[in-house]
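These notes are about the structure you will find just below.
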């Protein structure tokens with residue numbers, strides 16, 4: 001127990017112990033996260049730099065792959081470093097601004113990755129099935145990329161307004177959690193995210209790849 005804001009409190013792992021706080025588990029996951037961070041960052045930055053430097057690599061498909069690499073860089077920078085720390089120490093050390101913005105940026109990165117994979121599938125479908133002699137122009141791919149970013153921002157914007165720092169009686173520290181006006185609003189948004197991020201892209205990609213196979 002320790003004094004925290006004039007009250008005695010205990011740290012979350014002491015009150016609710018679980019295997020994720022065991023030293024061996026922490027060591028293993030720290031090494032894995034560090035490996036994923038280094039490989040993911042170097043690999044995706046290499047793709048971005050190579051594509052930007054060489055115009056011959058800027059095909060329609062590679063523009064979408066570039067977009068996918070950008071989303072992976074976002075996740076490497078804002079998800080991989082913060083997630084293990086939060087999972088291990090069981091509280092939020094990064095302040096209110098990051099609490100409101102990190103969930104948004106992580107979600108944007110995931111949506112951009114999913115939509116980019118979907119765009120690659122649709123481009124392949126159009127090139128091989130709909131209009132074999134009329135490939136999509138690079139300018140169209142760039143416009144689609146911008147639309148992907150704007151749509152990803154639009155559908156994830158609620159995270160800015162529904163993430164907040166909370167404290168719990170008797171527990172030390174602050175916790176970054178979702179707060180909704182009621183449970184039904186949270187369920188509706190969760191279902192919406194499931195449909196937009198998984199069901200629709202999965203259906204589109206399945207249809208496109210089955211059609212060209």
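The backbone N, Cα and C atoms fix where each Cβ goes, glycine too.
Automatic, uncurated: that is what TrEMBL annotation is.
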Inset, instruction - Scan 166-187, 188-209 against TrEMBL and say which stretch is down as transmembrane segment. - result: 188-209
Inset, instruction - Using a Cβ cut-off of under 8 Å, list the residues of the same chain at least 6 residues beyond the transmembrane segment (28-51) that approach it. - result: 20, 57-58, 62-63, 65-66, 69-70, 72-73, 75-77, 80-81, 83-84, 88
